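Take a look at the structure below.
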Amino acid sequence: MSFRKVNIVILVLAVALFLLVLHHNFLGLSSLLRNEVSDSGIVGLQPVDFIPNAPQRVVDGREEEIPVVIAASEDRLGGAIAAINSIQHNTRSNVIFYIVTLNGTADHLRSWLSSSNLKRIRYKIVNFDTKLLEGKVKEDPDQGESIKPLTFARFYLPILVPRAKKAIYMDDDVIVQGDILALYNTPLKPGHAAAFSEDCDSTSAKVVIRGAGNQYNYIGYLDYKKERIRELSMKASTCSFNPGVFVANLTEWRRQNITNQLEKWMKLNVEEGLYSRTLAGSITTPPLLIVFYQQHSTIDPMWNVRHLGSSAGKRYSPQFVKAAKLLHWNGHFKPWGRTASYTDVWEKWYIPDPTGKFSLIRRHVEISNTK
């Protein structure tokens with residue numbers, strides 16, 4: 001074989017090797033990109049949707065991702081939409097929303113988001129399997145309403161957000177007026193898996209529930225007549241906290257098996273009735289109070305200005321409401337309901353349902369009255 005032919009063979013082999021390496025790298029890049037925009041299925045909590053069509057500043061990976069978990073039930077879907085809209089509008093951070101729903105709500109939610117100015121947000125829709133709650137909750141005949149499975153989604157944050165080290169959970173009855181990055185950057189003390197806003201803080205006045213006493217200490221949530229509660233040596237006068245908004249250190253949550261601890265107390269309550277009947281409907285707060293007793297950090301009180309839903313009257317000045325970083329309509333008077341306080345603030349962020357399935361009750365009433 002001539003020297004020229006040898007050179008040609010070597011050149012062909014070199015080109016083939018180059019193409020092989022290039023092909024291998026391309027496959028690796030494709031795999032990496034697929035991993036960036038999808039998660040594998042999880043038994044019980046199934047991610048079914050992910051929208052990566054956000055501005056490049058969000059998806060290029062140079063900013064830390066801020067996971068925000070919100071539960072969205074069909075009958076309260078407008079609340080979740082308003083909350084998400086307020087968060088997205090008031091930040092330039094890399095936020096991804098984990099929206100937890102039950103079967104049947106995903107299509108409605110997806111349609112709502114895709115038909116509004118929220119169509120470019122990053123989000124995942126996660127179906128919550130109610131079988132997770134079997135043996136852990138039971139219907140109380142004295143309660144006027146049935147159990148709401150999605151209220152327990154907050155107990156399963158490490159499963160909902162499997163890759164995150166930190167996350168924010170918030171209820172659907174909130175409006176965020178500050179930059180969510182500030183809440184995400186809440187410092188947590190070593191060994192603490194979560195940071196809550198305590199009910200005794202200076203900005204959220206103590207709420208007196210008719211016939212129920214004060215909703216700001218442990219005795220309002222736990223039955224101190226039960227031996228199992230007394231043997232925990234928790235002071236009944238300890239200030240409670242509100243679990244409707246909190247920041248979680250998921251690494252610490254996993255290390256301490258917080259979810260398993262919460263499930264333990266849920267099961268014990270089913271067997272022994274450990275929760276106080278003083279505050280009707282408080283079925284998610286008691287196990288959290290037990291597990292996080294003197295083992296939680298605190299968030300800035302302005303990041304959970306609550307009790308806006310405790311009555312239809314206005315308890316705060318307009319100046320204070322405007323200064324709040326997060327407004328929380330916890331209580332029976334929801335901002336999408338028949339009567340509520342500060343509805344003008346909430347409606348600023350509400351996006352009408354393009355399908356017409358969800359509508360504001362008070363508007364419905366107003367229209368009926370004009371006929």
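Cβ coordinates are placed from backbone N, Cα and C, and glycine is handled just like the others.
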Looking at Asn249, Asn257, which residue has the N-linked glycosylation site feature per Swiss-Prot?
Asn257
Rounded to an integer, what is the Cα-Cα distance in Å between Asn257 (N-linked glycosylation site) and Asn103 (N-linked glycosylation site)?
27
Any idea what the model's mean pLDDT is for the topological domain 'Lumenal' (29-371)?
86
Given the glycosylation sites Asn103, Asn257, which one is most crowded in terms of C-beta atoms within 10 angstroms?
Asn257
